[in-house]
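**Student:** Handing you this structure, nothing more for now.
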Amino acid sequence: MSCKIHAESYDSIIERNWPDGFKKTHQRKDIFILLFCSEEPMSAAEIYDQLNSGDPKEKYAFSTVYRNLLAFEKAGIVTKTVLSTEAEAVYELKKSSHKHYAICTVCHRKIPIKTCPLHDISKFVESSLNGFEITGHQLEILGICNECQKKK
């Protein structure tokens with residue numbers, strides 16, 4: 001698993017971010033660190049592939065990855081999103097705010113949009129539709145990233 005942090009820092013990252021009462025297994029810790037290090041959301045298959053790309057003695061079953069992602073979602077650790085460009089859901093660690101993405105239709109890179117462009121629209125919709133309470137929203141912008149444009 002490649003990450004921009006030193007291996008000895010993994011435990012301190014887990015200690016600072018792990019919810020009280022949520023069971024710590026080595027599989028859950030490995031999935032957590034992988035999501036912590038990822039710059040974009042990952043599918044269960046991508047997580048499975050990454051986890052199994054290292055030590056051949058340390059193999060993970062796909063069902064183990066999927067069950068732990070469901071447990072993470074239920075515990076509020078990850079956000080599960082179904083993007084229109086993906087065949088399956090993607091997961092990322094839940095941060096203080098939600099994210100939206102610009103998605104390259106060539107390389108499928110997911111580029112986070114820094115601020116929520118729907119904030120004002122959400123307020124307008126709630127005030128316009130008497131009694132309507134927005135519980136969430138999702139925005140995807142499709143296009144071609146700079147790297148893929150340069151390859152044309």
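For all residues, glycine too, the Cβ spot is worked out from N, Cα and C.
Pasting the relevant annotations from TrEMBL:
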type: BINDING; residues: His98, His137; note: Fe cation binding site
type: BINDING; residues: Cys104, Cys107, Cys145, Cys148; note: Zn(2+) binding site
**Student:** With Cβ-Cβ distance below 8 Å and at least 6 positions apart along the chain, what are the contacts of Cys104 (Zn(2+) binding site)? List them in sequence order.
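**Tutor:** Spatial neighbours, sequence-distant, of Cys104 (Zn(2+) binding site): Ile111, Gly143, Ile144, Cys145, Cys148.
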**Student:** Tell me, how many other CB atoms lie within 10 A of the CB of His98 (Fe cation binding site), whichever protein chain they belong to?
**Tutor:** 15
**Student:** Round to the nearest Å and give the CA-to-CA distance linking His98 (Fe cation binding site) with Cys107 (Zn(2+) binding site).
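**Tutor:** Distance between the two Cα atoms comes out at 23 Å.
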**Student:** Under 8 Å between C-beta atoms and at least six apart in sequence, can you list the same-chain neighbours of His137 (Fe cation binding site), or say none if there are none?
**Tutor:** Leu118, Ser122
**Student:** Near Cys107 (Zn(2+) binding site), how many other Cβ atoms are within 10 Å of its Cβ?
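**Tutor:** Its Cβ has 11 other Cβ atoms within 10 Å.
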**Student:** Taking DSSP as the reference, which of helix, strand or coil describes Cys145 (Zn(2+) binding site)?
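**Tutor:** In three-state terms, Cys145 (Zn(2+) binding site) counts as coil.
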**Student:** Other than Cys104, Cys107, Cys145, Cys148 themselves, what residues in this chain have Cβ atoms within 8 Å of the centroid of the Zn(2+) site's Cβ atoms?
**Tutor:** Thr105, Val106, His108, Arg109, Ile144, Asn146, Glu147, Gln149
**Student:** Tell me the Cβ neighbour count for Cys148 (Zn(2+) binding site), meaning other Cβ atoms within 10 Å of its Cβ, over all protein chains shown.
**Tutor:** 15
**Student:** I'd like the Cβ neighbour count for Cys145 (Zn(2+) binding site), meaning other Cβ atoms within 10 Å of its Cβ, all protein chains included.
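**Tutor:** Neighbour count, Cβ to Cβ under the 10 Å cut-off: 17.
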